[in-house]
Amino acid sequence: MSVFPGHYAEDEEKFVAGLEDAQDAYTIEAVPNRVIVRCFGKLGPLLSRLFASGIEARGVERMPENQRESKNAWNNILMWWSVNTVFDIIPIGVLAQSTFTLSFGNAVATILCFGTLGAIATAFVATLGPITGLRTMVITRFSSGYLGCTIYSVLNILTQFGFATTTVILGGQTLSNINPGTLPSVVGIIIIGVCSLIPCVVGYNMVHVYERYAWIITLISMLFLWGLGGKAGYDINAQKPLEDTGHALSADILSFGGIVFGLFTGWAPVAADFNCRLPADTPPMRVFLLTFFGLFIPICFVGILGAALMTITDPAYVAAFRGGSTGGLVAQVLSPLGHFGQFILVLLALSLIANNIPNTYSAGLSMQALGRPFAIIPRFFWVLLTFVVYTAAGIAGHEHFITILSNFLRILSDWTAFFIVIVAEEHFIFRRKNGPLGGYNLDDYDTPSKLPVGVAGILAGCFGVAGAVIGMSQAGPLGEMVGAEIGFELAAAFSAVTYFPLRALEIRLTGR
């Protein structure tokens, strides 16, 4: 008996004869068990046993309404709490002083203000999951066409690789600082990577089970950090003498704000991946609010903690951070607790698993979204490839964590800004009930001839890239004039202004 839905059984011969001709039956989830055996030869029986044992077979195909379930509804907040109440948010707050010389007050204000913007944008994208039943990258086909989806998928793959690389580096640093000289950071990187891999191979349900509870222990550990940092002595005015003034201060705030915005919106390209199985009638406002607070509360809480730890002026704490080792700084904060402090440090390092799971899981989905030849390959294979790539990158770059983190988040905020703007304009203007297209024809999600041509979305994205380049603080003419990184602001503005007329023209000429 097949372990897969049988609604594509009639396409078996078509699937076997030529995968490119099977318009719908191109993912493992959609293919009968006997076809898998025939198509994958000796690997067929192994794949069948894996899927029968509970490994998620579903990839990027749409989740039909009659297969939806509401059991993970509260994970719209609990999952994001687990993902973001983690150790690798602390370095973001650290960057405020170490890179941008901001005082504690300005760092907090920047995190709250730019964090609000980023959380709103990401929470909007999350509402599209239950509405469409599609993964985030596939949703872009309704604004930027099949080719545009492929481009966004490439960008998202690189994004998730970047997030995962910085995460495993920090995890490796932290584990190596628990008992210096006993565990190399490279081994720590591999440990975090392997632990992140296991739930992602199993799939959607395992991811939700883990993320539903992971935040509890991590939150307790963070409270220990707050308390021990206070005992060591926060001095919120410590950075005042180092802070820039006037125009330079504004530039620092804008540049750091771009990094904070990118931290939030970095989840936008995966936001619908984890709720697309919710019923289609799930209230969008509920999804929006749960996602918003699931992002805003933990990121601000932990990011501000990072900024606070940098206000400790004790020479031992300053020395612990030399070389940009956030793990070393946190180890010093916990040192008064002795072996119990080392235990908390282990928990904090392992908290990174919760943060790295969405990166690993969604990178695999984005690889499938590149096109049908990629989608036919089982999802867990791409997850394994993702693990290999970011683990290798982490090992290669583990001595340059702060530089990698800062540069990566600056670039990240730029492309996610125009991606969100284009998807939002399509949804609110062209796909509204009384709009030009009257909503989404979701059955067309994998039929290129019925999807938008994509010229408008791709061109608007190119204008967004141009805005980002112009807004670079060192290379862009406007960014250099302002003296700050304003790439994401200009990327969003350029794409917003150009997408509307281009898309309206595209619909008029093509009707789709």
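Including glycine, each Cβ sits where the backbone N, Cα and C put it.
Under the heading transmembrane segment, TrEMBL lists 77-96, 108-134, 146-171, 183-206, 213-233, 253-275, 287-309, 329-353, 374-396, 408-430, 451-470, 482-502.
Counting C-beta pairs under 8 angstroms (sequence separation of 6 or more), the transmembrane segment (146-171) reaches the transmembrane segment (183-206) with 3 or more such pairs. Using the rule of three or more Cβ pairs under 8 Å, pairs at least 6 apart in sequence, the transmembrane segment (482-502) is in contact with the transmembrane segment (253-275). Cβ atoms under 8 Å from those of the transmembrane segment (77-96) belong to residues 102, 106-107, 110-111, 166-167, 170-171, 174, 208, 210-215, 218-219, 222, 256, 259-260, 263, 267, 274, 290-291, 293-295, 297-299, 301-310, 321, 326, 329-330, 348-349, 351-352, 354-355, 357-358, 401-402, 405-406, 409 of the same chain, restricted to positions at least 6 beyond its ends. If you look at the transmembrane segment (451-470), the same-chain residues 6 or more away from its ends with a CB under 8 A from one of its CBs are 140-148, 151, 414-415, 417-419, 421-422, 426, 444-445, 476-479, 487-488, 490-495, 497-499, 502-503, 505-507, 510, 512. Outside the transmembrane segment (183-206), and at least 6 residues removed from its termini, the chain residues within Cβ reach (under 8 Å) are 54-56, 58, 164, 167-169, 171-176, 274, 277, 349-350, 352-353, 356-357, 359-361, 364, 379-380, 383-384, 387, 390-391, 394-395, 398. As a quick check, the transmembrane segment (329-353) and the transmembrane segment (108-134) miss the bar of 3 or more Cβ pairs under 8 A, pairs 6 or more apart, so the two do not touch. Counted as Cβ pairs under 8 Å, contacts with the transmembrane segment (253-275) are highest for 108-134 among 108-134, 213-233, 374-396.
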